[in-house]
Amino acid sequence: MGGQKIVLLSIFVCFYVFSLVSCTEFEAGGENGWIIPQSSNQSDIFNQWASKNRFKVGDTIRFKYKKDSVLVVTEDEYKKCQTTKPELYSNHDDTVFKLDRPGLFYFISGVSGHCEQGQKMIIKVMEVESTPQSPPPSSSLPASAHKKNHAVRKTSRFLGAGLVTISILVITVFSLV
């Protein structure tokens, strides 16, 4: 009976380690990508998409676009849809931005008129949790977000996490023998 408790504890530790080191890559806008909203009633599609996802420190946002750009700006610049000194400017058709801190990130298109038409987005990154309240779920996304696999991709923050987990399991198994 004591051996079973050790195995269960080891499995819990393994899941906890993976939850700490895994991050998610999101495709901005989901299946639609980083595009100009097609009509005025879609002007908030990016913020609606962002509000349906849970972003953590270490996650990344991939912006895919053609003949466009993406800028990371301040809140004031976001509201005005203009900037002279963006934190990031990219027009390479495929831009990946790492969410490196908790808080708000403001994104706008750098093409004249696109931001005013709704090609802008606010992403809220969650505070880092110091201790888990319960075992981590299999995914931090709502079930509806799993419909399109190309919009969200799990990745690993570092390769060592797998080795740590395997080591814990091997040590546990050999300690029971």
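Quick reminder: no glycine exception, Cβ is built from N, Cα and C everywhere.
Since we're looking at a predicted model, the values are computed, not measured.
The signal peptide annotation in Swiss-Prot covers 1-23.
According to Swiss-Prot, the feature domain 'Phytocyanin' maps to 24-127.
As annotated by Swiss-Prot, N-linked glycosylation site applies to Asn41. Secondary structure at Asn41 (N-linked glycosylation site), taken from DSSP and collapsed to helix, strand or coil, is helix. Sequence-distant contacts of Asn41 (N-linked glycosylation site), defined as residues of its own chain at least six apart whose C-beta falls under 8 angstroms from its C-beta, are absent.
Cβ neighbours of Cys115 (disulfide bond) (same chain, under 8 Å, six or more residues apart in sequence): Cys81, Gln82, Ile108, Ser109. The DSSP secondary structure for Cys115 (disulfide bond) is coil. Residues annotated as disulfide bond in Swiss-Prot, with sequence analysis given as evidence: Cys81-Cys115.
Per Swiss-Prot, the feature GPI-anchor amidated asparagine maps to Asn149.
With a 10 A radius on its CB, Cys81 (disulfide bond) counts 18 other CB atoms from all the protein chains.
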